[in-house]
Amino acid sequence: MPESQLIRHANKLYENGWMAGTSGNLSVRTEDGFRITPSGKHKGELSVSDLVLLPSSGVLPTGLPHRPSAEISLHQSIYRNCPDARAVYHVHTVEATVVSEWARSGSLELPPLEMLKGFGWKGGEPSPVLPVFSNHPDVRDIAANLETFFRRKREFLLPGFLIRLHGLTVWGESPDAAFKHVELFDFLFRFMVLSRSVSL
Ligand SMILES: [Zn+2]
C-alpha cells in the first residue's frame, strides 16, 4: 500500500536527519487525489491515519483532524504537471541547503558522478543541471514560480529541484522511486560539499 510505504520512508528520512524538527512533507497519489503528511507533526511518529487527503477536486474538506502540510501547493503543481509522478517527497537536508547557494542563473550544475546513472543518466554527456527556485515566506509564491517553469515547457532533466536555502523536492513513479531519488541527490550534494571542503 503506497501510504504504508510513505510512512516507512518518513521514519527513515527522519532517522537520516532529513526531516528534523517536523520539517519536510511527503505525499502519494491515490485514486481519489493524493495523501500528504500533516503540518507540524513529528515525521518519525506518523501513522497512515495521520495522512491528509487532498481530493482530486483540489478543494480541502473542512473539519479535518489534521491540517495538511503548508507546502501542499508544491505537491499539487507537480502532480498536475507530471502525470507519471505517483509520490512527491520534500526534505530539508543540510547539504541540499548548502549547495543551493552555489546555483548560477537559477540552476546548479551537478558533478558527472556514477551515481547519476541511478536517474537513468548514461554518462559521457554533459552533466545535468538542477533548477533552483527562490525561497519565499509564502510557499504559494514558490509554487507559482514552479508553475511558470512548467508552463514555459522548461524541462526537468532529473526528477527534482532545489529551493534556495530551503530544501530538496523530488518525485517518482512510486514511493520507493521517490525515496531512491532523495538518496541519490543526497549523495551528490554530500560529494559536492565534501569535495569543496577538502580542496580548501
Ligand atoms: Zn520545506
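A Cβ is built for glycine as well, from the same backbone N, Cα and C atoms used for every other residue.
What you are looking at is a predicted structure, and each value in this text was computed from that prediction instead of being measured.
Contacts of His92 (Zn(2+) binding site) defined by a Cβ separation under 8 A and a same-chain sequence distance of 6+ are given as Trp18, Met19, Ala20, Ser23, Gly24, His166, Gly167, Leu168, in order along the sequence. The Zn(2+) binding site feature in TrEMBL is assigned to His90, His92.
The domain 'Class II aldolase/adducin N-terminal' annotation in TrEMBL covers 4-193.
Around the Cβ of His90 (Zn(2+) binding site), the same chain contributes Gly24, Asn25, Leu26, Ser69, Glu71, Leu74, His75, Gly167, Leu168, Thr169, Val170, each under 8 angstroms and 6 or more positions distant in sequence. Secondary structure at His90 (Zn(2+) binding site), taken from DSSP and collapsed to helix, strand or coil, is strand.
The average pLDDT the prediction assigns to the domain 'Class II aldolase/adducin N-terminal' (4-193) is 91.
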